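Inspection log for the structure reproduced underneath, given as structure tokens.
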Amino acid sequence: MASAQLSPTFYSSTCPKALSTIKAAVDSAVSKEARMGASLLRLHFHDCFVNASFRSLGCDGSVLLDGSSGEKSAGPNANSLRGFKVIDTIKSQLESLCPGVVSCADIVTVAARDSVVALGGPSWTVPLGRRDSTTASLSAANSNLPGPGSSLSALITAFSNKGFTAKEMVALSGSHTIGQARCTNFRNRIYNEANINSQFATSVQANCPSSGGDNNLSPLDVTSPTTFDNAYFKNLQTLKGLLHSDQQLFNNGSTDSQVNTYSSSSATFFTDFANAMVKMGNLSPLTGTNGQIRTNCRKAN
């Protein structure tokens, strides 16, 4: 299994300050704008869930590559993925410290963990040693990433295709306890769906008109939008999920009981989330002599 080649101590001799450098940069970025924590976490997810090449299934930094045929311009990413400049800053700092050693893929993976911690969430040990893809796939990004209008069965299938259980899918969906979504992604839900708290719908409509304002933002977790906690699941219980795909997790279906578990125990959610994040980070990474260590995260060497 490729992940066996990854190690938490991968940079201990070649770039001993790598992890502290990433953490300091993430802490600084998140303190300036809390939403950046959610953006860096989402960047990791959108990197890992897309095939960049036939040899790689996941966390290979392909999402960072510029170019019209790359993943940045895919439907789920265009005008919504953020955090690239933070990754660029970290990369330039690490290139000064230890040139050509730390991959962009590892930076994204560690930054996701540090973002969660910075906003009050759990920590976990990140196995390291990923290498960077030289290609990106627009079509794979368009087909692999579950959208905000997904049904429960579509969500379960999308995650199952990557080796995740329905329970792990629910845990990872808890990342929506931080961050914001664009009006275009939840307009239909707040105006047309029945399984929604009416007061909540009205309050969100104030910032998302029935037409126009596509890029207006609303928090995915209305209760504590900049704290990584289990409020997201409590919101689902009271029909305050912002996205259609969010509320699908608690809609008289097979995942209702898991939502109940996480809403009553943040410790259980934190443990399951951390374990699922390690698993995501290990999705068949490029290691050894596969891929490269990009000097500039936006382009292949």
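Yeah, the Cβs are placed from backbone N, Cα and C, and that goes for glycine too.
The structure displayed is predicted, hence computed values, not measured ones.
For C297, the disulfide partner named by TrEMBL from the candidate list C104, C183, C208 is C104. The shortest Cα-Cα distance from D60 (Ca(2+) 1 binding site) to any of the recorded positions (H176, T177, C297) is found for C297. For S62 (Ca(2+) 1 binding site), the number of other Cβ atoms no farther than 10 Å from its own Cβ, over all displayed protein chains, is 30.
Of all the recorded positions in the record (H46, D47, G58), the one with the smallest CA separation from C104 (disulfide bond) is D47. With the fewest other C-beta atoms within 10 Å around its C-beta, P146 stands out among the binding-site residues G58, P146.
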